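All remarks here apply to the structure that follows.
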Amino acid sequence: MTTTVQPTDASTDLIATGPAPDPRELTRPSERRTASTLGEGYVGARYLQLVLVLGALVAIGALTIDTYLPALPSLTEDFRTTAPTAQLTITGLMAGLGVGQLVVGPLSDAVGRRRPLITGLVAHGLMSVLCALAPTIELLIVARVLQGLAGAAVSVVAMAMVRDLFSGVRAARLLSRLTLVMGISPILAPTLGSALLRLTAWRGIFVFLAVVAALLTVLAVLALPETLPPARRVPARLRSSLTSYARLFRDPTYLIMVVVAGLMFATVFGYIGGSSFVLQEYFKLTPQQYGIAFGVTALGLIVATQINPALVQRFTPVAVLRAGVLLGFVGAALMVVAAATGFGGLIGFMAPLWITIAGAGLTFPNAPAIALTRHGESAGTAAALLGAAQFMISGISAPLVGALADGTPVPMAAVMAGASGLAVVLILAGRRLFADVEA
(Lines of atoms letter the chains of each structure in order from A and count residues from 1; the text may use other names and numbers.)
(Lines give C-alpha, C1' and ligand atoms only; values in the text may rest on other atoms or scores of the structure.)
Protein backbone atom coordinates (compact mmCIF):
# COMPACT_ATOMS: atom_id res chain seq x y z
CA MET A 1 0.00 0.00 0.00
CA THR A 2 1.29 3.45 -0.89
CA THR A 3 0.72 6.35 1.46
CA THR A 4 0.18 9.86 0.13
CA VAL A 5 2.88 12.19 1.43
CA GLN A 6 1.66 14.93 3.72
CA PRO A 7 3.85 18.01 4.26
CA THR A 8 5.63 17.81 7.60
CA ASP A 9 8.31 19.79 9.34
CA ALA A 10 10.89 17.31 8.12
CA SER A 11 9.81 17.46 4.51
CA THR A 12 8.27 20.86 3.78
CA ASP A 13 11.52 22.30 2.44
CA LEU A 14 11.85 19.38 0.03
CA ILE A 15 8.39 19.56 -1.52
CA ALA A 16 8.14 21.57 -4.71
CA THR A 17 5.90 21.76 -7.70
CA GLY A 18 7.17 20.36 -10.95
CA PRO A 19 6.31 18.44 -14.10
CA ALA A 20 4.03 15.44 -14.05
CA PRO A 21 5.70 12.06 -13.56
CA ASP A 22 7.03 10.34 -16.67
CA PRO A 23 4.26 7.99 -17.84
CA ARG A 24 6.85 5.27 -18.42
CA GLU A 25 8.00 5.22 -14.82
CA LEU A 26 8.01 1.72 -13.40
CA THR A 27 5.19 2.19 -10.95
CA ARG A 28 1.87 0.47 -10.84
CA PRO A 29 -1.10 2.66 -11.84
CA SER A 30 -2.16 3.27 -8.25
CA GLU A 31 1.35 4.34 -7.36
CA ARG A 32 1.56 6.82 -10.26
CA ARG A 33 -1.36 8.78 -8.86
CA THR A 34 0.15 8.99 -5.37
CA ALA A 35 3.86 9.17 -6.17
CA SER A 36 5.97 11.22 -3.80
CA THR A 37 6.82 14.75 -4.91
CA LEU A 38 9.85 14.96 -2.65
CA GLY A 39 12.31 14.54 -5.51
CA GLU A 40 10.87 17.27 -7.72
CA GLY A 41 12.84 19.96 -5.90
CA TYR A 42 16.13 18.33 -6.88
CA VAL A 43 17.16 20.05 -10.09
CA GLY A 44 20.33 21.72 -11.31
CA ALA A 45 22.97 22.30 -8.66
CA ARG A 46 20.85 20.72 -5.95
CA TYR A 47 20.53 17.49 -7.93
CA LEU A 48 24.29 17.49 -8.61
CA GLN A 49 24.95 17.90 -4.89
CA LEU A 50 22.67 14.95 -4.14
CA VAL A 51 24.47 12.77 -6.68
CA LEU A 52 27.89 13.66 -5.27
CA VAL A 53 26.91 13.07 -1.65
CA LEU A 54 25.13 9.77 -2.29
CA GLY A 55 28.00 8.71 -4.55
CA ALA A 56 30.48 9.31 -1.76
CA LEU A 57 28.31 7.30 0.63
CA VAL A 58 27.94 4.26 -1.62
CA ALA A 59 31.70 4.27 -2.26
CA ILE A 60 32.49 3.62 1.40
CA GLY A 61 31.66 -0.07 1.04
CA ALA A 62 34.17 -0.62 -1.76
CA LEU A 63 36.79 1.45 0.03
CA THR A 64 36.33 -0.62 3.18
CA ILE A 65 36.65 -3.91 1.30
CA ASP A 66 39.18 -3.27 -1.44
CA THR A 67 41.56 -0.60 -0.15
CA TYR A 68 42.65 -3.17 2.41
CA LEU A 69 43.37 -6.04 -0.01
CA PRO A 70 47.01 -5.15 -0.82
CA ALA A 71 47.75 -5.14 2.93
CA LEU A 72 46.84 -8.79 3.54
CA PRO A 73 50.38 -10.18 3.07
CA SER A 74 52.01 -7.66 5.43
CA LEU A 75 49.18 -8.07 7.95
CA THR A 76 49.65 -11.85 7.88
CA GLU A 77 53.34 -11.41 8.56
CA ASP A 78 52.84 -8.87 11.36
CA PHE A 79 50.41 -11.09 13.26
CA ARG A 80 52.41 -14.24 12.42
CA THR A 81 49.24 -15.93 11.35
CA THR A 82 48.15 -17.92 8.31
CA ALA A 83 46.70 -16.56 5.09
CA PRO A 84 43.31 -18.28 5.62
CA THR A 85 43.06 -16.68 9.08
CA ALA A 86 43.95 -13.27 7.70
CA GLN A 87 41.31 -13.69 5.00
CA LEU A 88 38.70 -14.04 7.76
CA THR A 89 39.01 -10.27 8.12
CA ILE A 90 37.46 -10.05 4.64
CA THR A 91 34.90 -12.78 5.29
CA GLY A 92 33.86 -11.12 8.55
CA LEU A 93 33.44 -7.77 6.86
CA MET A 94 31.27 -9.25 4.11
CA ALA A 95 29.14 -11.04 6.72
CA GLY A 96 28.66 -7.78 8.60
CA LEU A 97 27.70 -5.94 5.43
CA GLY A 98 25.16 -8.60 4.48
CA VAL A 99 23.53 -9.18 7.87
CA GLY A 100 23.61 -5.50 8.81
CA GLN A 101 21.48 -4.50 5.85
CA LEU A 102 18.70 -6.87 6.94
CA VAL A 103 18.53 -5.06 10.29
CA VAL A 104 19.09 -1.47 9.18
CA GLY A 105 16.54 -1.58 6.36
CA PRO A 106 13.44 -2.03 8.54
CA LEU A 107 14.94 0.29 11.16
CA SER A 108 15.32 3.12 8.64
CA ASP A 109 11.71 2.58 7.52
CA ALA A 110 10.68 3.15 11.15
CA VAL A 111 12.84 6.05 12.35
CA GLY A 112 13.76 7.78 9.09
CA ARG A 113 16.98 7.81 7.10
CA ARG A 114 19.22 10.39 8.75
CA ARG A 115 19.65 8.83 12.18
CA PRO A 116 20.70 5.36 10.97
CA LEU A 117 22.94 6.95 8.33
CA ILE A 118 24.80 9.25 10.70
CA THR A 119 25.02 6.57 13.39
CA GLY A 120 26.45 4.15 10.84
CA LEU A 121 29.07 6.65 9.67
CA VAL A 122 30.19 7.42 13.22
CA ALA A 123 30.35 3.71 14.08
CA HIS A 124 32.31 3.01 10.90
CA GLY A 125 34.88 5.60 11.87
CA LEU A 126 35.21 4.23 15.41
CA MET A 127 35.58 0.65 14.16
CA SER A 128 38.23 1.82 11.68
CA VAL A 129 40.20 3.24 14.60
CA LEU A 130 39.76 -0.04 16.50
CA CYS A 131 41.06 -1.94 13.46
CA ALA A 132 44.10 0.34 13.30
CA LEU A 133 44.86 -0.31 16.97
CA ALA A 134 43.98 -4.03 17.08
CA PRO A 135 46.71 -5.93 18.98
CA THR A 136 45.61 -9.39 17.78
CA ILE A 137 44.18 -10.90 14.64
CA GLU A 138 41.14 -12.08 16.61
CA LEU A 139 40.25 -8.54 17.69
CA LEU A 140 40.82 -7.31 14.14
CA ILE A 141 38.35 -9.89 12.82
CA VAL A 142 35.73 -8.81 15.37
CA ALA A 143 36.31 -5.15 14.53
CA ARG A 144 35.92 -5.89 10.83
CA VAL A 145 32.56 -7.59 11.44
CA LEU A 146 31.39 -4.52 13.36
CA GLN A 147 32.80 -2.27 10.65
CA GLY A 148 30.73 -4.21 8.12
CA LEU A 149 27.57 -3.75 10.19
CA ALA A 150 28.22 0.00 10.28
CA GLY A 151 28.97 0.15 6.57
CA ALA A 152 25.71 -1.66 5.86
CA ALA A 153 23.79 1.19 7.46
CA VAL A 154 25.41 3.68 5.11
CA SER A 155 24.82 1.77 1.88
CA VAL A 156 21.25 0.64 2.54
CA VAL A 157 20.11 4.10 3.64
CA ALA A 158 21.67 5.73 0.58
CA MET A 159 19.76 3.34 -1.69
CA ALA A 160 16.51 3.89 0.23
CA MET A 161 16.92 7.66 -0.11
CA VAL A 162 16.92 7.26 -3.89
CA ARG A 163 13.56 5.50 -3.71
CA ASP A 164 12.19 8.09 -1.27
CA LEU A 165 12.90 10.85 -3.76
CA PHE A 166 12.46 9.21 -7.17
CA SER A 167 10.87 6.26 -8.92
CA GLY A 168 11.03 4.48 -12.25
CA VAL A 169 13.07 6.18 -14.96
CA ARG A 170 14.23 8.99 -12.66
CA ALA A 171 15.44 6.44 -10.11
CA ALA A 172 17.23 4.50 -12.85
CA ARG A 173 19.02 7.68 -13.97
CA LEU A 174 20.28 8.45 -10.49
CA LEU A 175 21.21 4.83 -9.86
CA SER A 176 23.26 4.93 -13.07
CA ARG A 177 25.38 7.70 -11.56
CA LEU A 178 25.72 5.82 -8.29
CA THR A 179 26.56 2.60 -10.13
CA LEU A 180 29.41 4.43 -11.84
CA VAL A 181 30.87 5.10 -8.39
CA MET A 182 30.09 1.60 -7.12
CA GLY A 183 31.68 0.04 -10.18
CA ILE A 184 34.84 2.10 -10.31
CA SER A 185 35.49 2.12 -6.55
CA PRO A 186 36.39 -1.58 -6.17
CA ILE A 187 38.64 -1.34 -9.21
CA LEU A 188 40.54 1.75 -8.08
CA ALA A 189 40.54 1.02 -4.34
CA PRO A 190 43.35 -1.59 -4.44
CA THR A 191 45.53 0.91 -6.30
CA LEU A 192 44.78 3.46 -3.59
CA GLY A 193 45.65 0.88 -0.94
CA SER A 194 48.97 0.14 -2.64
CA ALA A 195 49.77 3.86 -2.74
CA LEU A 196 48.98 4.19 0.97
CA LEU A 197 51.26 1.24 1.76
CA ARG A 198 54.14 3.15 0.18
CA LEU A 199 53.59 5.85 2.81
CA THR A 200 52.54 3.84 5.85
CA ALA A 201 52.02 0.36 7.27
CA TRP A 202 48.75 -1.55 6.89
CA ARG A 203 47.34 0.14 10.01
CA GLY A 204 47.53 3.46 8.19
CA ILE A 205 44.86 2.25 5.75
CA PHE A 206 42.39 2.03 8.63
CA VAL A 207 43.37 5.50 9.79
CA PHE A 208 42.58 6.69 6.27
CA LEU A 209 39.16 4.95 6.44
CA ALA A 210 38.46 6.63 9.79
CA VAL A 211 39.21 10.05 8.26
CA VAL A 212 36.94 9.28 5.30
CA ALA A 213 34.12 8.27 7.66
CA ALA A 214 34.54 11.50 9.64
CA LEU A 215 34.40 13.64 6.51
CA LEU A 216 31.33 11.80 5.23
CA THR A 217 29.62 12.28 8.59
CA VAL A 218 30.06 16.04 8.32
CA LEU A 219 28.89 15.95 4.70
CA ALA A 220 25.76 13.94 5.55
CA VAL A 221 24.85 16.22 8.45
CA LEU A 222 25.19 19.36 6.35
CA ALA A 223 23.93 18.23 2.94
CA LEU A 224 21.34 15.47 3.37
CA PRO A 225 17.90 16.28 4.78
CA GLU A 226 15.48 13.64 6.01
CA THR A 227 13.81 12.00 3.00
CA LEU A 228 11.24 9.84 4.80
CA PRO A 229 8.53 12.00 6.41
CA PRO A 230 6.92 10.67 9.62
CA ALA A 231 3.63 10.04 7.79
CA ARG A 232 5.31 7.38 5.65
CA ARG A 233 7.22 5.56 8.40
CA VAL A 234 6.48 2.03 9.55
CA PRO A 235 6.70 1.20 13.29
CA ALA A 236 9.82 -0.80 14.21
CA ARG A 237 8.28 -4.02 15.44
CA LEU A 238 9.56 -7.53 14.85
CA ARG A 239 6.20 -8.63 13.52
CA SER A 240 5.99 -5.71 11.07
CA SER A 241 9.57 -6.38 9.92
CA LEU A 242 8.77 -10.04 9.29
CA THR A 243 5.59 -8.97 7.51
CA SER A 244 7.59 -6.62 5.27
CA TYR A 245 10.06 -9.36 4.38
CA ALA A 246 7.22 -11.82 3.79
CA ARG A 247 5.60 -9.31 1.41
CA LEU A 248 8.87 -9.02 -0.51
CA PHE A 249 9.24 -12.79 -0.77
CA ARG A 250 5.73 -13.00 -2.22
CA ASP A 251 6.70 -10.68 -5.08
CA PRO A 252 8.35 -12.86 -7.76
CA THR A 253 9.40 -9.86 -9.86
CA TYR A 254 11.24 -8.34 -6.90
CA LEU A 255 12.91 -11.67 -6.09
CA ILE A 256 14.07 -12.12 -9.67
CA MET A 257 15.56 -8.61 -9.69
CA VAL A 258 17.35 -9.29 -6.40
CA VAL A 259 18.87 -12.56 -7.57
CA VAL A 260 19.77 -11.18 -11.01
CA ALA A 261 21.55 -8.23 -9.37
CA GLY A 262 23.41 -10.65 -7.08
CA LEU A 263 24.43 -12.90 -9.97
CA MET A 264 25.75 -10.00 -12.04
CA PHE A 265 27.67 -8.74 -9.03
CA ALA A 266 29.04 -12.30 -8.68
CA THR A 267 30.14 -12.08 -12.31
CA VAL A 268 32.18 -8.95 -11.60
CA PHE A 269 33.49 -10.23 -8.25
CA GLY A 270 34.70 -13.38 -10.00
CA TYR A 271 36.83 -11.12 -12.18
CA ILE A 272 38.09 -9.06 -9.25
CA GLY A 273 38.92 -12.19 -7.25
CA GLY A 274 40.80 -13.95 -10.04
CA SER A 275 42.27 -11.11 -12.06
CA SER A 276 45.50 -10.77 -10.11
CA PHE A 277 46.58 -14.33 -10.91
CA VAL A 278 45.21 -14.40 -14.45
CA LEU A 279 46.66 -11.09 -15.61
CA GLN A 280 49.93 -11.00 -13.68
CA GLU A 281 50.93 -14.65 -13.49
CA TYR A 282 49.34 -16.23 -16.55
CA PHE A 283 49.57 -13.30 -18.98
CA LYS A 284 52.77 -12.00 -17.31
CA LEU A 285 51.69 -8.38 -16.89
CA THR A 286 53.73 -6.12 -14.63
CA PRO A 287 51.95 -4.39 -11.73
CA GLN A 288 51.82 -1.21 -13.79
CA GLN A 289 50.36 -3.03 -16.80
CA TYR A 290 47.91 -4.74 -14.47
CA GLY A 291 46.71 -1.31 -13.35
CA ILE A 292 46.22 -0.25 -16.97
CA ALA A 293 44.21 -3.42 -17.64
CA PHE A 294 41.99 -2.59 -14.67
CA GLY A 295 41.49 0.88 -16.10
CA VAL A 296 40.45 -0.52 -19.47
CA THR A 297 37.94 -2.75 -17.71
CA ALA A 298 36.62 0.19 -15.72
CA LEU A 299 36.06 2.04 -18.99
CA GLY A 300 33.52 -0.59 -20.02
CA LEU A 301 31.58 -0.03 -16.83
CA ILE A 302 31.81 3.75 -17.19
CA VAL A 303 30.51 3.71 -20.76
CA ALA A 304 27.60 1.42 -19.86
CA THR A 305 26.47 3.35 -16.81
CA GLN A 306 26.73 6.69 -18.57
CA ILE A 307 24.67 5.68 -21.60
CA ASN A 308 22.09 3.95 -19.40
CA PRO A 309 20.08 7.15 -18.64
CA ALA A 310 19.60 7.75 -22.37
CA LEU A 311 18.70 4.11 -22.95
CA VAL A 312 16.05 3.97 -20.22
CA GLN A 313 14.58 7.20 -21.58
CA ARG A 314 14.16 5.65 -25.02
CA PHE A 315 13.34 2.10 -23.95
CA THR A 316 12.27 0.70 -20.56
CA PRO A 317 14.59 -0.21 -17.67
CA VAL A 318 13.45 -3.83 -18.04
CA ALA A 319 14.47 -3.86 -21.71
CA VAL A 320 17.88 -2.35 -20.93
CA LEU A 321 18.34 -4.79 -18.05
CA ARG A 322 17.56 -7.73 -20.32
CA ALA A 323 20.05 -6.51 -22.92
CA GLY A 324 22.73 -6.03 -20.25
CA VAL A 325 22.34 -9.53 -18.84
CA LEU A 326 22.46 -11.11 -22.31
CA LEU A 327 25.49 -9.01 -23.26
CA GLY A 328 27.27 -10.04 -20.07
CA PHE A 329 26.65 -13.73 -20.70
CA VAL A 330 27.76 -13.57 -24.35
CA GLY A 331 30.98 -11.85 -23.30
CA ALA A 332 31.65 -14.38 -20.53
CA ALA A 333 30.99 -17.31 -22.88
CA LEU A 334 33.49 -15.86 -25.35
CA MET A 335 35.95 -15.53 -22.45
CA VAL A 336 35.65 -19.26 -21.79
CA VAL A 337 36.38 -20.01 -25.45
CA ALA A 338 39.37 -17.65 -25.49
CA ALA A 339 40.71 -19.04 -22.21
CA ALA A 340 40.34 -22.67 -23.29
CA THR A 341 41.85 -22.22 -26.77
CA GLY A 342 44.29 -19.36 -26.22
CA PHE A 343 42.79 -17.64 -29.26
CA GLY A 344 43.93 -14.04 -29.55
CA GLY A 345 46.19 -14.13 -26.50
CA LEU A 346 45.68 -11.29 -24.04
CA ILE A 347 43.58 -9.20 -26.45
CA GLY A 348 41.39 -12.18 -27.26
CA PHE A 349 40.68 -12.57 -23.55
CA MET A 350 40.35 -8.90 -22.60
CA ALA A 351 37.93 -7.94 -25.40
CA PRO A 352 35.10 -10.25 -24.25
CA LEU A 353 35.93 -9.39 -20.63
CA TRP A 354 35.27 -5.73 -21.48
CA ILE A 355 31.93 -6.74 -23.04
CA THR A 356 30.99 -8.71 -19.92
CA ILE A 357 31.74 -5.84 -17.56
CA ALA A 358 29.87 -3.40 -19.81
CA GLY A 359 26.85 -5.71 -19.76
CA ALA A 360 26.99 -5.78 -15.97
CA GLY A 361 27.13 -1.99 -16.03
CA LEU A 362 23.74 -1.92 -17.77
CA THR A 363 22.34 -4.31 -15.18
CA PHE A 364 23.48 -2.70 -11.93
CA PRO A 365 21.32 0.46 -12.01
CA ASN A 366 18.21 -1.08 -13.53
CA ALA A 367 17.69 -4.17 -11.37
CA PRO A 368 17.57 -2.09 -8.13
CA ALA A 369 15.41 0.57 -9.81
CA ILE A 370 12.82 -2.02 -10.83
CA ALA A 371 12.94 -3.84 -7.50
CA LEU A 372 12.72 -0.75 -5.26
CA THR A 373 10.07 1.05 -7.32
CA ARG A 374 7.64 -1.77 -6.61
CA HIS A 375 8.00 -1.35 -2.84
CA GLY A 376 8.07 2.35 -2.05
CA GLU A 377 6.13 1.75 1.18
CA SER A 378 9.06 -0.27 2.57
CA ALA A 379 12.01 0.98 0.55
CA GLY A 380 14.47 0.51 3.41
CA THR A 381 13.55 -3.13 3.90
CA ALA A 382 13.53 -3.75 0.15
CA ALA A 383 16.96 -2.11 -0.27
CA ALA A 384 18.28 -4.10 2.70
CA LEU A 385 17.29 -7.46 1.26
CA LEU A 386 18.63 -6.40 -2.13
CA GLY A 387 22.00 -5.37 -0.70
CA ALA A 388 22.31 -8.42 1.55
CA ALA A 389 21.60 -10.75 -1.36
CA GLN A 390 24.19 -9.00 -3.52
CA PHE A 391 26.90 -9.45 -0.89
CA MET A 392 25.93 -13.04 -0.10
CA ILE A 393 25.64 -14.19 -3.71
CA SER A 394 28.66 -12.31 -5.02
CA GLY A 395 30.73 -13.37 -2.00
CA ILE A 396 30.72 -16.93 -3.32
CA SER A 397 32.32 -16.23 -6.70
CA ALA A 398 35.83 -15.13 -5.68
CA PRO A 399 36.48 -18.14 -3.36
CA LEU A 400 35.03 -20.40 -6.05
CA VAL A 401 37.53 -19.08 -8.58
CA GLY A 402 40.33 -19.87 -6.12
CA ALA A 403 38.99 -23.34 -5.36
CA LEU A 404 38.82 -24.22 -9.07
CA ALA A 405 42.21 -22.69 -9.95
CA ASP A 406 44.19 -24.86 -12.37
CA GLY A 407 46.85 -22.47 -13.63
CA THR A 408 44.75 -21.13 -16.53
CA PRO A 409 42.14 -18.36 -16.94
CA VAL A 410 39.41 -20.98 -17.52
CA PRO A 411 38.08 -21.15 -13.90
CA MET A 412 37.62 -17.38 -13.68
CA ALA A 413 35.89 -17.25 -17.07
CA ALA A 414 33.74 -20.27 -16.24
CA VAL A 415 32.54 -18.80 -12.93
CA MET A 416 31.68 -15.53 -14.67
CA ALA A 417 29.84 -17.37 -17.46
CA GLY A 418 27.98 -19.54 -14.95
CA ALA A 419 26.79 -16.59 -12.87
CA SER A 420 25.71 -14.50 -15.86
CA GLY A 421 24.13 -17.56 -17.49
CA LEU A 422 21.93 -18.13 -14.44
CA ALA A 423 20.90 -14.47 -14.64
CA VAL A 424 19.85 -15.00 -18.27
CA VAL A 425 17.74 -18.01 -17.28
CA LEU A 426 15.93 -15.97 -14.62
CA ILE A 427 15.32 -13.03 -16.96
CA LEU A 428 13.87 -15.30 -19.64
CA ALA A 429 11.79 -17.27 -17.14
CA GLY A 430 10.28 -14.07 -15.74
CA ARG A 431 9.27 -12.43 -19.02
CA ARG A 432 5.55 -12.61 -18.29
CA LEU A 433 6.05 -11.18 -14.81
CA PHE A 434 7.65 -8.05 -16.26
CA ALA A 435 4.61 -7.10 -18.34
CA ASP A 436 3.24 -4.76 -15.65
CA VAL A 437 6.51 -2.87 -15.22
CA GLU A 438 7.08 -2.49 -18.97
CA ALA A 439 3.66 -0.97 -19.59
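Just so you know, glycine gets a Cβ as well, placed from its N, Cα and C.
Record features (TrEMBL):
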{"type": "COMPBIAS", "residues": "1-11", "note": "compositional bias 'Polar residues'"}
{"type": "REGION", "residues": "1-34", "note": "region 'Disordered'"}
{"type": "COMPBIAS", "residues": "22-34", "note": "compositional bias 'Basic and acidic residues'"}
{"type": "TRANSMEM", "residues": "47-65", "note": "transmembrane segment"}
{"type": "DOMAIN", "residues": "50-432", "note": "domain 'Major facilitator superfamily (MFS) profile'"}
{"type": "TRANSMEM", "residues": "85-104", "note": "transmembrane segment"}
{"type": "TRANSMEM", "residues": "116-135", "note": "transmembrane segment"}
{"type": "TRANSMEM", "residues": "141-162", "note": "transmembrane segment"}
{"type": "TRANSMEM", "residues": "174-193", "note": "transmembrane segment"}
{"type": "TRANSMEM", "residues": "205-224", "note": "transmembrane segment"}
{"type": "TRANSMEM", "residues": "254-272", "note": "transmembrane segment"}
{"type": "TRANSMEM", "residues": "292-312", "note": "transmembrane segment"}
{"type": "TRANSMEM", "residues": "324-347", "note": "transmembrane segment"}
{"type": "TRANSMEM", "residues": "353-372", "note": "transmembrane segment"}
{"type": "TRANSMEM", "residues": "384-404", "note": "transmembrane segment"}
{"type": "TRANSMEM", "residues": "410-429", "note": "transmembrane segment"}
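Long-range contacts of the transmembrane segment (85-104) within the same chain, counting only residues at least 6 positions beyond its ends with a Cβ under 8 Å from a Cβ of the stretch, are 61, 64-65, 68-69, 72, 75-76, 79, 116, 120, 137, 140-142, 144-153, 155-157, 380, 383-385, 387-388, 391-392, 395. Contacts between the transmembrane segment (47-65) and the transmembrane segment (141-162): present, as 3 or more C-beta pairs lie under 8 angstroms, all at sequence separation of six or more.
Fewer than three CB pairs closer than 8 A are found between the transmembrane segment (205-224) and the transmembrane segment (353-372), and contact between the two stretches is not assigned (pairs 6 or more residues apart).
Note on the transmembrane segment (116-135): residues 57, 60, 64, 104, 107-108, 143-144, 146-147, 149-154, 157-158, 203-204, 206-207, 209-210, 213-214, 216-217, 220-221, 224 of its chain, located 6 or more positions outside it, place their CB under 8 angstroms from a CB of the stretch. If you look at the transmembrane segment (141-162) against the transmembrane segment (384-404), you find at least three C-beta pairs under 8 angstroms, all six or more positions apart, and that counts as contact. Under the criterion of 3 or more C-beta pairs below 8 Å, with sequence separation of 6 or more, the transmembrane segment (410-429) and the transmembrane segment (292-312) do not qualify as touching, having fewer than 3 such pairs. Using a Cβ-Cβ cut-off under 8 Å and counting only residues 6 or more beyond its ends in the same chain, the transmembrane segment (324-347) has close neighbours at 260, 264, 267, 283, 285, 304, 353-363, 366, 408-410, 412-414, 416-417, 419-421, 423-424, 427. Residues 91, 94, 97-99, 101-106, 152, 155-156, 159, 245, 248, 257-259, 261-263, 265-270, 272-274, 368, 371-372, 411-412, 414-416, 419 of the same chain lie 6+ residues outside the transmembrane segment (384-404) yet bring a C-beta within less than 8 angstroms of a C-beta in it.
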